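A quick write-up on the structure given underneath.
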Amino acid sequence: MSDKKRINQIAKETGLTNAELVSAAQTLGFEVKSHSSSVTAEQAEKIIQSAKTGTDQTAKVAEKPVKKSQPKAAESAKKNKEDHPRTFAGKAVVEDPAILARIKAKEEAEKAAKVEVASTEHPVVTEKPKASEPVKKAEPKVEAKSEPKVEKVETKDNTATSKAEVKPENVADKKEPVVTEEKKKSLTQKPRIQIKVIKRAEDIKKEQAAARPEKKKFDKNRNDRNNRSDNRRPNQNGNGQGGNHYDKNRSSGQGQNQGQKRDKFASSGSAPATDSFTPATSGKTSRRDRDRKKSDNNRDNTKDGNRKGGPLRVNDNRNQVRNARNSNWNQKGGRGRYQNNQSSSVPATQRKFHELPESLEYEVGMNVQDIAKSIKREPAEIIKKLFMMGTMVNQNQSLDEDTIELILMDYGVTPVKKVEEDKSDIERLFVEDGYLKEENMVERPAVVTIMGHVDHGKTTLLDRFRESRVTEGEAGGITQHIGAYQIKANGKKITFLDTPGHEAFTSMRARGASVTDITILVVAADDGVMPQTIEAINHSKAAGVPIIVAINKIDKPGANPQRVTQELTEHGVFPVAWDPENGSEFVEISAKFNQNLDELLDTVLLVAEVQELKADPTVRAIGTVVEARLDQGKGAIATLLVQQGTLHVQDPIVVGNTYGRVRTMTNDLGRRIKEAGPSTPIELTGLSDVPQAGDHFAVFEDEKAARAAGEERAKRAQLIKRQNTRRVNLDNLFDTLKEGQTKSVNIIIKADVQGSAEALAASLQKIEVEGVKVDIVHSAVGAISESDISLAAASNAIIIGFNVRPTGLAREQAAQEEVDIRLHSIIYKVIEEVETAMRGMLDPEFKEEIIGEAIVRETFNVSKVGTIAGFMVIRGKVARDASVRVIREGVVIHDGAIASLKHFKDDVKEVGNAQEGGLMVEDFNDVEIDDTFEVYKMVEIERK
């Protein structure tokens, strides 16, 4: 790093320790938390200088007092336990007569008191030197909290001359080699500010009284460390090595472990040294004081009930150690990580009382938990009430209507049964008054449906309106599914629906009339009124839609508009000139030569203006399916006409018995759009299945509701389909038996759009051939797939593809399964082919044809052969392959085949008129003279 350096990198370069550098940086006020913290180059220089200065001063000034650390003092005390009592209480150091005289002047009780005060009040003593010695400013505040007794007693003798700086010199002059070894061992340690001048007992007591307020904040950490050291005493060995090991593992353990070392030293077996300064009762007093302070600290730390459960119990050493350890780790000025977890001693608030509602709207199937939430009562209370009433339930068990009303009335609540709204009924939105808002109504484009007989020019007229070549895309020039388009005329939009004119598309014409506002009835001037023209008139009248008559092809030589007008009046369509109130507008046009087309559009706009067509674009969109198909790449595609509201991309939608989310929307020009307003035809993707043409659609609030409504509608449709199964009863028994003898042609229909498949199925079922009927096994949209081949093979069906092709795998499978696939693009050719196939399936019909008559003249009985009758042909002929009836006195006594036929002795195929011959009737020998033979054949006749 060029600009910044980490503390550990500086330590490697300078040879200093990480702790020294971190301490120096913190002293200088830099934001350094650990050895991995980064500082700038300028800050690094300051930290290095400060650390080196502190190290030098530590080696010169403070190392000697620090050498009197707990382990060394404990070791020296142990070595001189019996023969060198001067290793403790200053005797190992003090050899000056003046100092000895002053020590002798003090009584043993005063010395014990001094030691006790030094051990308990040391933080107060260390606080003063800390401010007076600039060398020790880098030491943590915690290090000054606990001080071992030995060091304090030793420093007491040395403090007679000077402060901390003078102390090392005096000690160096008077110390034994043991002290020198201690000094060498603690060179790397920081100076201990705890080695201070200890005054007389009277002075210390005065300072204690004056500094008692300052002392309180140090008591907590010191006592916690004392408790932790008490817990570790059993793990120490005789020479106190356990304390040393713990001290080495602490990164900043100078001050924290001093209190531990003091206690360890006191318990390591240095009895003589302790006795020389401490009376027998001093240990009890010290422990009693510590217990008192610990309880005070626990009370201070407790806020409305401590997590540890109040004051520490003196007799439970295990809990003391555990609680003291926890409190030691959380000493952060009341901001420990466990402070927020302290339980409150404030009593729990009582449950608020809720008033019972006057009435409750319920629905059948509610459980106890639902009722409890509604009336703000406990579920157990309701279960108890029901149990007392003799009903055993749990809180999740559904309740019937009587039980719900009973429990509500017991509480004094009036039960009101909820009226369930059938959200799957989207048809109600088209007739519901409250769905649309009058204030949001705006003018909408008119929806115009073009109707008329086949080849009367409907698509050509629309093609002129759109200025495109729509007609070229139609097979044979016949429109075979609805096209929805939108054009502009005089600044206003008009939506056109082009419907088929072929007789097979009756349902499509009815569907187009149901969603339209105006009907343009196209009639060819040379053909006049045709069957589909009459049908279109009836559809428009049934829907209550005004009719505009467009008399087309007036450019042809044989055009006769007057005759067309006369024929239309016979079917209830009158010109406005004849019936001003209910008359229809008549416009003579030529779509081929664009003659009078503007006049026709102006008439459409005029009629639309009179109708005052309006819609509410603010509501969720509703409308009708114009057409639907299945695309191999896009899936289900539906052509919709939005009638109310605005449809957006990603709207959850229910279309007929299917549902989905609007994935994409395209207009009649094939362009992607984001929204579609009223009277707009669009083509969308995203449905789960192909809907039926003519189904209604509605947008729901979310996809979950749309899914539920779609699945419910599909379930109901399936149920209705199952209910349509015919049941055999006495009324239809004869028809059922007759149908059992009737043959059927099984057909699978696959078409490009739903409307074409529907029309084709209806047309095929109308074919009437006696003895044969059409059975539509399956009808769907999309390409012919392998599953269709498998179904056809299983049901022995013929597959008819209308504007679709089979896939490669389907074609191979059809060849293997020997399934017949017929592909067509014009509907009437499909009808003719199916009708021919139906006639070919019929059993042949035969009629009896009499070819001759003969009279028996003689009979001959031949053994082992039978009776041979000699006959004379009186009319026609007798053939060998014909049948014969034996008639006696006008009664047929036998009908059978001719076994053999001979003319004289020769076998012949037939015997002509006025000739004699002999024959033998198969399985009949009772032939007599004068019997008559009636010879006939069964001849097949053609079925019509």
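Keep in mind that glycine also has a Cβ here, set from the backbone N, Cα and C atoms.
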Region 'G4' per Swiss-Prot sits at which of 552-555, 596-599, 816-819?
552-555
Looking at 498-501, 538-541, 710-713, 738-741, which one is region 'G3' according to Swiss-Prot?
498-501
Under Swiss-Prot, which of the candidate ranges 477-481, 562-566, 582-586, 922-926 is annotated region 'G2'?
477-481
Counting by DSSP secondary structure, give me helix, strand and coil numbers for the region 'G4' (552-555).
0 helix, 1 strand, 3 coil
